[in-house]
Amino acid sequence: VSTMNAKTSSRGEEEASGTRNETPGESGCLGEAKRRQVIRVAYVIAALDLTFLFMQMGVMPYLAKSLGLDSVGFGYLQTIFGVLQLMGGYIFGRFADQFGARAALILSCVSGSIFFLLMTLSTSIPILFLSRVPGVFMHGIPGAQKVITDMTSPSQRAGALGKLGFCFGVGIIFGSVLGGVLSTKFGIYVPAYVGLVGSVINTLIAMVCIPSQTKPESDHHVTEHSTSQSGSLFSIREILRLMKFPGVMEVFIVKVFAGLPIGLFMIMFSIISMDFFGLEAVESGYLMSYFGVLQMVVQGLVVGKLSNHCTEMTLLRLSVFVFAGVGLGMALMRTVWHYCIIAVPLVFAFSTLATITDSILTKAVPSSDTGAMLGICASVQPLTRTVGPTIGGVLYKQFGVSSFGYLQLMVNLGLFVYLWKSKIPLEGMKS
């Protein structure tokens, strides 16, 4: 007891005198400038990771076709990747909680290196399917989110997480363009070689520039006895435990269902762009770049500023309400120009919903569980990609494009009423 009192007294004297020592690798002792630098490094890693990912996404259909894989087989390939990402999201988050954000980022980058290496060796269909396996641990965005969550205070978190949308826009624009240019001029395997080299560089950046411990030192003392520290990386009991924290289940339900109809639409977009809008491949690429620019502007600039002036519950309700309006617009649209107009509120609602729910959910659980919570959040999109082709195909074939809009409208109107009337206990969240 006397030793603890002495340490407490010493710490108080250091804080009072403003001469707290800085020890490399301990974020609790990192200065503000150092924390900002680490967050910038996380942004760089995320942007590069997304760029390489979108490079392979643009090339993959052509590589699969060159190996003799038909459209059904390509659908299986995509489904396998979605299932692996779905399974690995929570495991990756638990790994980040137990071993640290730097170890998690390194795991993601190393998995990306193996992923691209297998792509360069994909001269047959079995190897191409095998190249999807490392995708179970390829979670660059959740890894960067974990670093940012550990390095920011709750009041700064929404704005800092929102800037990751700028990285997403960079990945879409440059990844799509580079993938097309490199594969056309130098061969279909060149983007994979570039991705391999880039992933190795990302690994080195994470090893050198991210401190081994990103959580504040005080958080270790607070959470050491306040949470269950199961040794298993995957535990249903741990997931249920997190869902029992005040407000978590309610916000997570909104996160899943508010974006589900538009997720189904985006999965079917390649077919819709050809059949409904009558676009060529080049025009579809331009439309994706347009989305990338909107994503950069909205999530990189707008969401962060709004989070400084509005409460998170206000922004959550706003995003759901705008989503309902987007659904009405999608139900009535007839041309690609209508869709370009609708894309502005669509990107705003999608970006705001993703950022605000991630911020709320990470603040709702103890700091020792933020990685697991981010992993659960990261599993939402893979889940949509897994079930989406079947549900989206039925909706499009039976009811047409307008069905996605009407579904979006009805679901989000219901969620808006739910949010307006319910009393989600945000005050119970970790301050």
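Easy rule for this one: first residue shown is 1, then count along the chain.
Keep in mind that glycine also has a Cβ here, set from the backbone N, Cα and C atoms.
Quick look at what TrEMBL annotates:
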DOMAIN    35-426  domain 'Major facilitator superfamily (MFS) profile'
REGION    1-29  region 'Disordered'
TRANSMEM  41-63  transmembrane segment
TRANSMEM  75-92  transmembrane segment
TRANSMEM  99-119  transmembrane segment
TRANSMEM  164-182  transmembrane segment
TRANSMEM  188-210  transmembrane segment
TRANSMEM  251-272  transmembrane segment
TRANSMEM  284-303  transmembrane segment
TRANSMEM  315-333  transmembrane segment
TRANSMEM  339-361  transmembrane segment
TRANSMEM  401-420  transmembrane segment
Near the transmembrane segment (339-361), which same-chain residues lie under 8 Å Cβ to Cβ, leaving out any that are not at least 6 residues past its ends? 145, 157-158, 161-162, 164-165, 247-248, 251-252, 254-255, 258-259, 262, 277, 287, 290-291, 294-295, 298-299, 302-303, 306-307, 312, 315-316, 318-320, 322-323, 325-326, 329-330, 333, 373-374, 377, 426, 429
Under 8 Å, at least three CB pairs between the transmembrane segment (164-182) and the transmembrane segment (284-303) (pairs 6 or more apart)? yes
Could you check if the transmembrane segment (315-333) is in contact with the transmembrane segment (188-210), meaning 3+ Cβ pairs under 8 Å among residue pairs at least 6 apart in sequence? no
Determine which residues of the chain contact the transmembrane segment (284-303) at the Cβ level, with the cut-off under 8 Å and only residues 6 or more beyond its ends counted. 158-159, 162-166, 168-173, 176-177, 180, 270, 273-274, 336, 340, 343-344, 347-348, 351-352, 355-356
So which residues does the transmembrane segment (41-63) touch in its own chain, when a touch means Cβ under 8 Å and the partner is 6 or more beyond its ends? 74, 77, 105, 108-109, 112, 116, 119, 122, 128, 138, 140-141, 143-144, 147-148, 163-164, 166-168, 170-172, 174-176, 178-180, 182-183, 188-189, 191-192, 194-195, 198-199, 201-202, 205-206, 209-210
